[in-house]
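Engineer: Copied straight from TrEMBL:
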type	residues	note
TRANSMEM	12-32	transmembrane segment
DOMAIN	41-391	domain 'Ammonium transporter AmtB-like'
TRANSMEM	53-69	transmembrane segment
TRANSMEM	75-97	transmembrane segment
TRANSMEM	109-127	transmembrane segment
TRANSMEM	133-152	transmembrane segment
TRANSMEM	164-181	transmembrane segment
TRANSMEM	201-221	transmembrane segment
TRANSMEM	228-249	transmembrane segment
TRANSMEM	279-298	transmembrane segment
TRANSMEM	319-340	transmembrane segment
TRANSMEM	352-378	transmembrane segment
């Protein structure tokens, strides 16, 4: 093994220790506020659901590669716990400088967990191609930029706090794609860049976890929590049924494909996240779930064959058609439903539409711009360690028994 990699491996504990020391020092000077716990005590069950979703759901969901299972779950846990601490401290700094109201540390953790979904999605786009230090740097940069994007949406575009958080799928998908575009493509002959029945099974288990907990994710901070739960469930149910139907119709032998069910079953939850608390008729949520599932499966065919080759973007976990396209559809549906709801109030309708379209464009633009910059930084000589031939390899980081077949 090259000596430069050995030096890098030995530096990882010190990088983590340095970050944790910084978190502790900043927590001392910008102390975490433990008041206001009652504001979320009634929804602790939903908070736990989101915690399980981010840790278990995405941990298993990313286990799509045959020789990268330890890193998929282990690194997901590490960046989540580091990122939540960073997010809580950023939230506390905003409160300290009177840029945001103090809502209690438990609600800050809830927002941090939802924000970390963006990082988990982006990590799927570069899965197996980044070393641990690169992944930690990407996590910290993406969290800070996502908080800046949310602040712009709330301060200047008058987007509600809950709705600004629901841009997390949109931001995470396109930030991750921009970062992935800066990494060289793996060779098509690279044997490690594929799944096995065992990795597909674990990844499907992650999809099931995400499916079960998604209503709590969409409703945790919503004002109309009951509407958000019911609409999300209906959308998820229809998207799962549509996934099985379209998977059988689009395959030559009429069999179901794991990749289709793995991605499209979740599309309803992503698509309806923008509108879950404003939909009064469940059939609207069901249509959105159907459209989200359809755009995921059809988009996977079009993007992989038409878009990815010329742009040379290798999206390891397919986050573009799993999260990106359904989020775009959901944002557009939110504007359409806003127009229908405010149709009688024509004096302010154009202004409201302009604000929501502006928030949508701002989120994607900032995600792409900062994603490209982050990808360039991650590929500097200081951080670029893994050669293309060593992509998707657990043995780079973990003790793996030679008697275990990877």
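Glycine residues also receive a Cβ, built from the backbone N, Cα and C atoms like all the rest.
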Engineer: Are there 3 or more C-beta pairs under 8 Å linking the transmembrane segment (228-249) with the transmembrane segment (279-298), counting only pairs at least 6 apart in sequence?
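Structural biologist: They are in contact.
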Engineer: Can we call the transmembrane segment (201-221) and the transmembrane segment (53-69) in contact, meaning three or more C-beta pairs below 8 angstroms at a sequence separation of 6+?
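Structural biologist: Contact between the transmembrane segment (201-221) and the transmembrane segment (53-69): present.
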Engineer: List, by number or range, the same-chain residues at least 6 past the transmembrane segment (75-97) whose CB is under 8 A from its CB atoms?
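Structural biologist: Here the qualifying positions are 16, 19-20, 23, 26-27, 30-33, 54-55, 58-59, 62, 105, 108-109, 111-113, 115-116, 119-120, 123, 132, 135-136, 139-140, 143-144, 147, 151.
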Engineer: Test of understanding: applying the rule of at least three C-beta pairs under 8 Å (pairs 6 or more apart in sequence), is the transmembrane segment (53-69) touching the transmembrane segment (164-181)?
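Structural biologist: By the criterion, they do not touch.
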